[in-house]
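**Student:** Per TrEMBL, the features are:
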TRANSMEM  20-43  transmembrane segment
DOMAIN    77-176  domain 'Late embryogenesis abundant protein LEA-2 subgroup'
Amino acid sequence: MSEKIANVNVGCISSRKLKWFAWGTGGLIVFIGLLVFVVFLILHPSKPSFNLEDVTVYQFNVSKVPPYAITIIMQVTLSSRNPNSRIGVEYQPLHVYATYRDQQITMAYLLPPTYQGHKEPVVWSPPLTGYDMPISPYSQQSLDQDWHAGVILMNIKLQGDVKWKVGTWISPKYHLYVHCPANIRFGDLNNGGPNLIKGQPVDHCDVEIAS
């Protein structure tokens, strides 16, 4: 009888130790997570900056009769810089596309996931294409006026998810919006000029990060 009681006591003690160990391990993990999160808040990460470095249009055609549509082949170069000295940026798959008067005129190009270290730059040069992309009659009228003026204002947009990284801790996803305006100067294209057209960035890119 005494031997059975001893075995029960040993079993109870072992069970308590396992519970204490589990609670202690769980509490330590939670504490470390909270500590890293507090450090993240104290560091207060700054959003990355973006620049539109180059825009080259290889083909641009607009239908003159309904249904109105645009065919365009172009390539853009976007650069990004992480201004944080202690926080990395993880870019999830990002989508890049071109718009004219808030209407999408190219298919979205998918950029691969990219990690950006402290103070590091990243450069992407995606091709953007759109074949018979429909536009509204209002946009076609504006485009016709811009075409004859020799300058068309386009917007290169980038959207996707980003995460902040501090050590081994990775934040939840935040949504990234980047908007880069560019003037496309056609010059003598209507008079048989060259097909290759260089665009000129209008201003710095607007960057917004939302939860």
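Cβ atoms are placed via backbone N, Cα and C, with glycine included.
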**Student:** Across the whole of the domain 'Late embryogenesis abundant protein LEA-2 subgroup' (77-176), what does the mean pLDDT come to? Round it, please.
**Tutor:** 93
**Student:** Helix, strand, coil residue numbers for the domain 'Late embryogenesis abundant protein LEA-2 subgroup' (77-176) per DSSP?
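**Tutor:** Per-class counts: 13 helix, 59 strand, 28 coil.
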